[in-house]
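Asks: Attaching a single structure in structure tokens format; questions to follow.
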Amino acid sequence: MHAEFVQLSLTPILIGIFASVACALPGNFLILRRQALIGDAISHVVLPGIVVAFLLTGGVASMAMMLGAAGAAVLAVLLIEAVKRLGRIEPGAAMGVVFTSMFAGGVLLLEQSDTSSVHLDVQHALMGNLESLIWFKAKGWHSLADPAALAALPDELPRMALVCLVVVALTVIFWRPLKISTFDEGFARAIGLPVAAIGFGLVVTAAVAAVAAFDAVGSIIVIAMFICPPAAARLMTNRLEAQVLWSVGFAVLAAVLGYVFAGYGPLWFGGAEAVSAAGMIAAVSGLILGLACLFGPCRARVGQGRDPAEA
Amino acid sequence: MSDLLAALTLQAGYNAALVAIGAALLGFAAGAAGTFLFLRKRALVSDAVAHATLPGVGLAFILMVALGGDGRSLLGLLAGSAVTAGVGLLLVEWIARRTRLAEDAAIGAVLSVFFGIGVVLLTVIQTMSSGRQAGLESFLLGSTAGMLYLDAVVIAVGGALSVLAVWVLRRPMTLVSFDPDYAAACGYDVRRIDLAMMALVMAVTVIGLKIVGLILIVAMLIVPPVTARFWTERAGRVIWIAAGLGAVSGYVGAAVSASAPALPTGPIIVLTATALFLLSLLFAPARGVLAAVLRHRRFQRRVHRRQGLLALARGELIHDPLTLSVLRRAGLIRADGVATEAGRAQAAKAARDEHRWEIARLVNQDTALTGRYDGLTPIERVFTADQIAEFDRHLGPPRPVAGDAAGA
Amino acid sequence: MTPTMTTAARLAGLPAGLDLAAADGEALHPEAAAESPLSIRGLTVSYGEKPAVFSVDATFPDGALSAIIGPNGAGKSTLLKAALGIIPRLSGEVSVFGRPIDAARARIAYVPQRASVDWDFPTSVLDVVSMGLYRRLGLLRRMRSEERAHALACLERVGMTDFADRQIGQLSGGQQQRVFLARALAQGADLYLLDEPFAGVDAATERAIIEVLKSLRAEGRAVVCVHHDLSTVESYFDHVFLINVRRIAEGPVASTFTAGNLQATYGGRLAAGHIEQLRLGGGTA
Ligand SMILES: Nc1ncnc2c1ncn2[C@@H]1O[C@H](COP(=O)(O)OP(=O)(O)O)[C@@H](O)[C@H]1O
Ligand SMILES: [Mg+2]
């Protein structure tokens, strides 16, 4: 039982937790900046990114894929900004134009190229496949001390852990500028903070988290990780520090419960096979958000809210 | 090429023709309905609606199989998707209204959670014996290859019905999108029209699922209205231009896609719309980027010319390189910075106009007129010759300006 | 390039008998401008194709309370924001204590007109005031107890100590204004720029704010306020700057805040009403 857990479930759960936390942290600021949907845009362009990377390198090396996806995410962010400014179009519509166009380009390229022979399928990119990230060589908890077994951990685990660590570090280091520029952009500018660079850095961090996570959980479900835990946390407290801690807690909870429900839930209902863990994580995070919407102690608006004309 | 021509002239087969017509009708309705969302700054609500269709497709399939069917009836699947799309839409509105979360967070939450549930359902269906070849994944990206005749009819009829709905709703829709308060004052029930419009958005989304898929249908609702906005400032026109652009994209996209293999319908439709968008963004006469850049350069030069003239008139040194170059090119100062004859004359005129404005504020009672001062608007455009003559009486005779003001 | 000709031209450009703008600015020595806490030259700012501020020169004095006065839409807020680099300028130069604005940011504090912040933001009053300490704290250093005490003292100065732990959106408009002033105080600046600090606040807040501003002046700092209430100009301020897209006049209140200049600033009947209320002396047209 233990051996099986370590072999089949430990790594997916850990990857799920790291992915959720890495996305939830920048998600807090994106929500407060009314940019929640930038996560939507970024994750949709992951697909064209990996398609282009595949066409350029001819292989499915994960490093190239990651770089392709990250490149596409940054390009999308720049294009959205350009369309917004040049066309004087509101952010939502600008995002909609850019990410759908890039996605369409990706699908077209995919169909045009002969990728059917290799493992590069759209469904995987969109839906993820968390449960496939198992630790073959593990024989039980003691494998954690066995270098040979550790060397055979799925690549995704150290990668996601590293990204999560980097995101945590960035959040801690840039906490004050992020908080100040998110709360009062005019003041931030007046005291000389590089407001545009901070905003861009935040979005790029989110993009890196999304790109690292999509492999495991799929690019659409990443959006749930960006939005649901921080949104639920937003309804629990009136202090940013506490909100971020709540969001991390919710992210971990959703990852663990989602994986458990997906793996064991069907058994409870007499089913034989597990269902999509990534999908279930999204569903659980939605459930948490729903409960917070109904019962969260700070669910009501305070003050006048942001004047849409000034935002 | 002849394949493309055949497809564009609806001669590439009965199904292909039906799909092309359906896509054109759908594009028309999507452009019009999307304009409504766009003008109310809610474009991405459509994204939530679209992603929220996935669990509906799955549930409908499971239900139809449970009732003994094979579960693949397009009409049934679309009905199911409409139900969850509606639920998703209501949830977005409920979250944004009842909690402190803004609409964008609500949209993101609903679209990702519903999609996640949909993915869970798809994996459930894969474990069902009848589910292995369900092909429900085709709703992600759409697919018209090997479409059944009946499905093509559903799409064409659905598209036609949506266009009909647009036609019926055209007046309240125009009013409510541009000025909800005025519409309410005219006796329209804004809330009900809002609902009707959202129902139309949902209908378009659902009908479009099979052709363009749930991820790209959003583009048909967003891109044409954004494009149309570049071409007009007039209220009612955006809707019809967007509808036209949508119809063209739908028709061309579907036809091109039918003309050759490996040209998936959804992406081609979207990329056609994107091409139209890019052309408009760059070249539209008033709001296009090119026009804006030219206008801004012209304007900046006007400002610097005027500021330079005023500095000449006051005998100040000019340091700003752009000001110097503007004056030099206009022949108002010489290469060494000394004002020319023309420069002195224009500087004197500029200074005199400034003083006329000052007098105007002292003697003219109409602040609506004096309030039009912005440093650039010629005084002759605001006041009549008689009024200006009166200001001049207060001002005394014109004085010349000396010529040596500009410094290196 | 003869100076005499330049002077002659300048004098020739001025109409006789009106105390108009150009005279004051020109009379200033360049050295005075270099030491000024805020000096602006040839500033033009435009939204779209309509300049909101056109070719404005201004020099504010040190250790004084200055008011920027003009009708609605005259470009007062725009002037401040462009001077701070919050919005881009089309042309012009700004210097703060004789240095470019970016080199002098640590010496400036700015309180916007009804800050365009998200009032629903998860942050407490004391948190907001502590944001004023950012330049001192940098990225990572934790707030020490003396810095916390400093932030609390700033709250005390505006009379808001009791609200330190409230969420910022739970305050009234006047209280919020005071909190933003406290944040500016926490910055420990030498130049304070305030945009309509008295607009829409209750009488108690207005008194609290003007007391703070006067104490800043007593400490030798410069304060520049956008101000709309003509009836309090003389009791609150030392120096006025009148603007209506262009500079109309600038100088000590006693010599510059005249009916003639107000007429030239506001124009029309509007000014006539104001002036009658004020019963000011000075040359009317
Ligand atoms: N963000 C903006 N976009 C377009 N026009 C603006 C903007 N802000 C101010 N304006 C215009 O610029 C002019 C000056 O505005 P402002 O500086 O706010 O005036 P004041 O503070 O003196 O009342 C007004 O005509 C106003 O309508
Ligand atoms: Mg103002």
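Placed from the backbone N, Cα and C atoms, the Cβ positions cover glycine too.
Automatic, uncurated: that is what TrEMBL annotation is.
TrEMBL lists these features:
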| type | residues | note |
| --- | --- | --- |
| TRANSMEM | B:12-39 | transmembrane segment |
| TRANSMEM | B:48-68 | transmembrane segment |
| TRANSMEM | B:74-95 | transmembrane segment |
| TRANSMEM | B:107-128 | transmembrane segment |
| TRANSMEM | B:148-169 | transmembrane segment |
| TRANSMEM | B:199-223 | transmembrane segment |
| TRANSMEM | B:268-294 | transmembrane segment |
Asks: By Cβ distance under 8 Å, which residues at least 6 away from the ends of the transmembrane segment (B:48-68) in the same chain are close to it?
Replies: 76-77, 79-85, 87-89, 92, 106-108, 110-112, 114-115, 117-119, 121-122, 124-125, 128, 130-131, 134, 136, 139-140, 198, 201-202, 205-206, 209, 214-215, 217-218
Asks: Should anything in the same chain at least six residues away from the transmembrane segment (B:107-128) have a Cβ under 8 Å from its Cβ atoms, list it; otherwise answer none.
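Replies: That would be 44-45, 47-48, 50-55, 57-59, 61-62, 65, 84, 88, 91-92, 95, 101, 134, 136-137.
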Asks: Short question: most Cβ pairs under 8 Å with the transmembrane segment (B:199-223), which of B:12-39, B:74-95, B:148-169, B:268-294?
Replies: B:12-39
Asks: Under an 8 Å Cβ to Cβ limit, what residues of the same chain, 6 or more beyond the ends of the transmembrane segment (B:12-39), are close to it?
Replies: 3, 6, 45-46, 144, 147, 149, 152-153, 155-156, 158-160, 162-163, 165-166, 170, 173, 176-178, 197, 200-201, 203-204, 207-208, 211, 217, 220-222, 224-226, 228-229, 238-240, 242-251, 253-255, 258-259, 265, 269
Asks: Near the transmembrane segment (B:148-169), which same-chain residues lie under 8 Å Cβ to Cβ, leaving out any that are not at least 6 residues past its ends?
Replies: 14-15, 18-19, 21-26, 28-30, 32-33, 74-75, 78, 193, 196-197, 200, 203-204, 206-207, 210-211, 243
